Amino acid sequence: MIKRNTSIIPYIDGIAVHWYATEDMTFPDFYEIFITRLEYPQFFYFPSEACEGYMKIDKGPRLGMWKRGIHYALSIIGDLLVGASGWTDWNIVLDLEGGPNHVQNFVDSPIIANTTSGTVFYKNPMYYAMGHFSKFISRDSIRIGMEVLKEEKLFALVVPLKIVSFLTLKNQLVIVVLNHDPTHVQSVQILDPNQGYLSLTLLPESIQTIVYNLASSPDLFP
């Protein structure tokens, strides 16, 4: 629409996207988003809707399904790496059937409420996956680059380790590391030339977040 009518550009602040590009999360649209940001750097980019359990072959809530949490982490890291200013789930809370929904589109959610009891709710793996980002990467943090000393393609999901890092207003460095390999343990060393290095071992399909105070304050914030 923007290409067809460039006169609307002054009235646009940002671009919202959904994550339903493919059925199995094998080739999400990270590259297309990256190219769009290069063409329109003045816009913010916000993933405004995502959910699990929307496919017919695996429909609705699946309490405790770990791979759905891994999908969330994979999507969030991928979006942040290409410049997303945030990320949000679609539903937040649903009932045991994946509703209510006015068109019977029953899906999964980070929190599932037992509406019969009125007092019981379940936190799915997606909830905890989101927490690695929402709890530690505070508002107005700045994403910083990391040099990966191993061959890795930014948009290749076959690479088992995905890493993103942010500098917070508290002068803390936050590094989120995801091993989305379903069977193999992965080892990684994080080197900070000013403060030393840290060795991590990540179990299959696991996430670790590292937070530490910087010895000096980079002049990155306005």
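Every residue gets a Cβ built from N, Cα and C, even glycine.
TrEMBL: automatically predicted annotations, no manual curation.
DSSP assignment over the domain 'Glycosyl hydrolase family 30 TIM-barrel' (9-137) gives 42 helix, 22 strand, 65 coil. Look at TrEMBL and you will find 9-137 tagged as domain 'Glycosyl hydrolase family 30 TIM-barrel'.
Feature annotation from TrEMBL assigns domain 'Glycosyl hydrolase family 30 beta sandwich' to 141-210.
Secondary structure of the domain 'Glycosyl hydrolase family 30 beta sandwich' (141-210), assigned with DSSP and counted as helix (H, G, I), strand (E, B) and coil, comes to 0 helix, 37 strand, 33 coil. Looking at the domain 'Glycosyl hydrolase family 30 beta sandwich' (141-210) alone, the prediction's average pLDDT is 86.
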